[in-house]
Protein chains: 2
Amino acid sequence: MYRTHTCGELRPENIGKEVILAGWVQRVRDLGAMSFIDLRDRYGITQLVADENTSEEVKKTLEELGREFVIQVTGTVRERSSRNKNIPTGDIEIEISGLKILSPSAVPPFTIQDDTDGGDDLRMKYRYLDLRRNAVRKNLELRAQMAHAVRSFLTANDFIETETPVLIKSTPEGARDFVVPSRMNPGEFYALPQSPQIFKQLLMVAGFDKYFQIVKCFRDEDLRADRQPEFTQIDCEMSFVEQEDVLNTFEGLTKYAFKEVLNVEVDNFPRMPYTTAMEKYGSDKPDIRFEMLLNDLTEQAKGKGFVVFDSAEYIGGVCAKGCAGYSRKQTDELTNWVKRPQIGAKGLVYVKYNEDGSLKSSVDKFYSPEDLKAWAEKLQAEPGDLMLILSGEKQPTINALGELRLEMGNRLGLRKKGTFKPLWVIDFPLLEWDEETKRFFAMHHPFTSPKPEDISLLDSEPGKVRANAYDLVINGVEIGGGSVRIFDSELQAKMFDILGFTPEQAKAQFGFLMNAFKYGAPPHAGIAFGFDRLVSLFAGLDSIRDVIAFPKNNAGRDVMNDSPAPVSKEQLDELHLQLVKKIK
Amino acid sequence: MYRTHTCGELRPENIGKEVILAGWVQRVRDLGAMSFIDLRDRYGITQLVADENTSEEVKKTLEELGREFVIQVTGTVRERSSRNKNIPTGDIEIEISGLKILSPSAVPPFTIQDDTDGGDDLRMKYRYLDLRRNAVRKNLELRAQMAHAVRSFLTANDFIETETPVLIKSTPEGARDFVVPSRMNPGEFYALPQSPQIFKQLLMVAGFDKYFQIVKCFRDEDLRADRQPEFTQIDCEMSFVEQEDVLNTFEGLTKYAFKEVLNVEVDNFPRMPYTTAMEKYGSDKPDIRFEMLLNDLTEQAKGKGFVVFDSAEYIGGVCAKGCAGYSRKQTDELTNWVKRPQIGAKGLVYVKYNEDGSLKSSVDKFYSPEDLKAWAEKLQAEPGDLMLILSGEKQPTINALGELRLEMGNRLGLRKKGTFKPLWVIDFPLLEWDEETKRFFAMHHPFTSPKPEDISLLDSEPGKVRANAYDLVINGVEIGGGSVRIFDSELQAKMFDILGFTPEQAKAQFGFLMNAFKYGAPPHAGIAFGFDRLVSLFAGLDSIRDVIAFPKNNAGRDVMNDSPAPVSKEQLDELHLQLVKKIK
């Protein structure tokens, strides 16, 4: 037996007991007459002591120990003279009677403690050591706990967890697929799923009624900081439901997870139409932890001779509470901030609504105090506030204002980490026009149902058709999205037509789905949550990388095991493939 | 709202209530004055009735209905005149007041009922219809229930469910990998995991202590009936444990699943050394639901002038209880059975131990009754039994006898489906010699620890070294397997050397693992269960295909969506790949 207890388990009631512990040496303190070892495992830290009563043999082994050695220790639990209140085992210590090195350790490339001295690259390369740090492992424990809570809720609500295939058919729609050459079917390829969308719809056709799966999905996209080539979804689908049924069910799931895992009660989720989100928050994923709404000043601000505004399609602003005292340096800095390419504004107009009721703006030349008062009224500004105004083409300006709003929220400390404000964004447009390819794309995906009252617009004004689609947004992060699905093969065929598929292409790619709809398809709807993002939100992290045990870097590489890697010519031959040119 | 209740929910206490149901038309019976519809969903079947009080509008819609139409019905729950005891809703029926077709159905290619008229191919092509059949869907529900039970047990026992990557590094050891070309790293490939072996060991190095995952794994092998290119494992690993700890933990898990899911109590699992399994059952996965042990007759049967036996390395037999009365036809048939290429015996010798105590064999010319009595004693045969004897080279003969034992078990009804007899097979050889390549292969995998007492044999007689490896076998099926792992980088390097890796190859492939062992690796051990097989065992099925929602056929194809499929030249160009020759 390697241990009788873990390193987080012993308490005063164990005093006098002979125990065996095993774990990693967190640190050794040699105080001459006495030596102390902090022994660590996943469950905690226990202090080991050697003193004048300790055998020579043990003392000799003690001298060999270094950080991260794996040892097994036998000893007696005794009361600690100076209690350590910071750890649950702080009342006791172990008087060492036997000590064995199970596995020595070289000096680790960085220290294994909460505030490590290892940089990102080093920690990724030695990920197995980084995962030893409490702060990192806790995130993975949280992840497991969340997955368990999600499964408990959905299972209790009659959802059947069903595994769908990983080796599936490649589809040209959506992001780029990872493909897998088939040796048994030379010249043919599987694809890895971007989502189990079609399979879950087929499960509804199959009468499964309620399906879920916590499942790996894959996208071969150029990676940003917050993207991974493989990611995990909580994927769900329900039959005989309308949009409200879905929203209520998954609002229930989300509240359950918050309560179960974080012991946080969240309010009922507001439902906000997409157009409101865009106009009032400048984003389809509004952070509603704070107000500072966007307001349209076009009518008020145009036609007074300020050419920048007069030539603008849209003028809009936000009101930063209590910021009237911003210095010139601060407003200049904000101006530079909005001009950054990611934000793309040409400039920033500000109006200070001073505490004394006077107004001071960067465009005083063109606007009277009465003009500015009208703006203040529109922006609900009061004495002491700072109004920030952008102008230009409508959509980009709204987007930039949305970003500015978030930035001000950050600066004013309005985006508190422990506060969670979920909402549903609903009534998304069904289609998005792509200027480059001159065609419509499905905003959600090609299986999303138009709102019944908008179906008549499909032929005349497809861009105006709204979808029965919805996103779950928490604190400005899109956590989940879904839709009511088309379950009629003719409407589905029409959608493919609008999306530019020829009937032949639609049949080749999705024929089996449209065929399935011919044998009695139930009305159905679903949703998928980005599990990595949900966990990182719960963990209070900004990136998903720290909630993934073995993440890849921005080039899609695992730097720990140096993959991807070349394969042998024999392997390629078996797959009837060759590299186009010798690379590397 | 599409429904107020499911089709499995209504009971006499609901009589008089107005309800809305939705589901599939199982069948329509038109009896002139009255019509009956069986309405089906996942939860059950409810009878709907139209009679003289039903509106003309409803009656008109009724006439359009066919099997598998999806309908929504409004009506009042009433008592049924003739109770149907076969279904839980059999006391009530719904008097239809409103009827709406949600989705019509073409005539399905086979009937959606337990005993369908659809052949295998048709049912695979229309898998979404096959899954509507209770018998098939129940298997998937069982699967979900089992996964939930496994997770509950392991989570309650401090295991952290941790997701490991699907896009990993290709390794030459083991079966063939599926590979995934990396667009961002041209000329390089990921592999899909055959198991998360190395990652789970790294999680132990990381101090996770107890890990599990229910995870998809992949093998690009030529498929047999019971193999799929993607399959699911319950993958587990523990630190600071010895073999007995692992066996006890997972014996606990298995018992819990049997109790929780099937309400079956299974006995404690015997531990049987590999050599005993081979010698007494002719198999490393013995079916211990019945005895009929193999016994060695070499000593007893040699040297009596029967040249077949005299020239054999091994002579062994089994005793079929109560079969002394077998006719010539039956023994001839058994002889033909053992001669089949899959069994490979050259012939069969039988001895009938008649009820009157006399002995009659197919080799009476060479053996006296006393000789045969000695065999009977060895085989523990009694009057009324039939002894079946094979001879030849030792290993193939033992294998053939093992198969014969199972066949006789089948014929005698000794392999009962509802009976479950798990056992641990332990003490496997560490290495297997491959005559073709003239090298040793790891019997389990290269990370398996030799038994400490056998390490000294590694250099001198590697073939004799036993491993701390174990298999969980239930009813003759290998359900799981695992081992205590090497956690010492030097011993690991030695293993790679024995397996024919050069130090450079070992470093290139597994350098990061051996490196990880240098920073304090805990002793660890683990196991993986074949989840598909475990479910099919619980479901009483012979194939894993019916416990997989969307399985592939023996050519690795999904015939429902016709994949794998060719991809576009543009996709290949992006991956810097080309097909070696135009195929298809």
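Every residue, even glycine, has its Cβ placed from backbone N, Cα and C.
Under the heading domain 'Aminoacyl-transfer RNA synthetases class-II family profile', TrEMBL lists A:140-551. Summed and averaged per residue, pLDDT over the domain 'Aminoacyl-transfer RNA synthetases class-II family profile' (A:140-551) gives 95.
Cβ-based neighbour count (10 Å, all protein chains) for A:H444 (L-aspartate binding site) stands at 21. Annotation comment: TrEMBL describes A:E173, A:R219, A:H444, A:R485 as L-aspartate binding site.
Cβ atoms under 8 Å from those of the region 'Aspartate' (A:197-200) belong to residues 164-165, 168, 211, 213, 235-237, 445, 447, 510, 513, 526 of the same chain, restricted to positions at least 6 beyond its ends. The region 'Aspartate' feature in TrEMBL is assigned to A:197-200.
Cβ neighbour count for A:R219 (L-aspartate binding site): 19 (other Cβ atoms within 10 Å of its Cβ, all protein chains included). Sequence annotations record features per position, and here TrEMBL assigns ATP binding site to A:R219, A:D220, A:E221, A:Q228, A:E478, A:G530, A:F531, A:D532, A:R533.
When the binding-site residues A:R219, A:H444, A:R485 are ranked by how far their Cα is from the Cα of A:R533 (ATP binding site), A:R219 comes first. Broken down with DSSP, the region 'Aspartate' (A:197-200) shows 4 helix, 0 strand, 0 coil. Here the binding residues for ATP are A:R219, A:D220, A:E221, A:Q228, A:E478, A:G530, A:F531, A:D532, A:R533. Their largest Cα to Cα distance works out to 20 Å. Counted within 10 Å of its Cβ, the other Cβ atoms near A:R533 (ATP binding site) come to 21, all protein chains included.
In this structure, the C-alpha atom of A:F531 (ATP binding site) lies 15 angstrom from that of A:R219 (L-aspartate binding site). Neighbours of A:F531 (ATP binding site), defined as other CB atoms within 10 A of its CB across all chains, total 26. If you take the Cα of A:H444 (L-aspartate binding site) and the Cα of A:E478 (ATP binding site), they are about 13 angstrom apart, rounded to a whole number. All chains included, 16 other C-beta atoms sit within 10 angstroms of the C-beta of A:E478 (ATP binding site).
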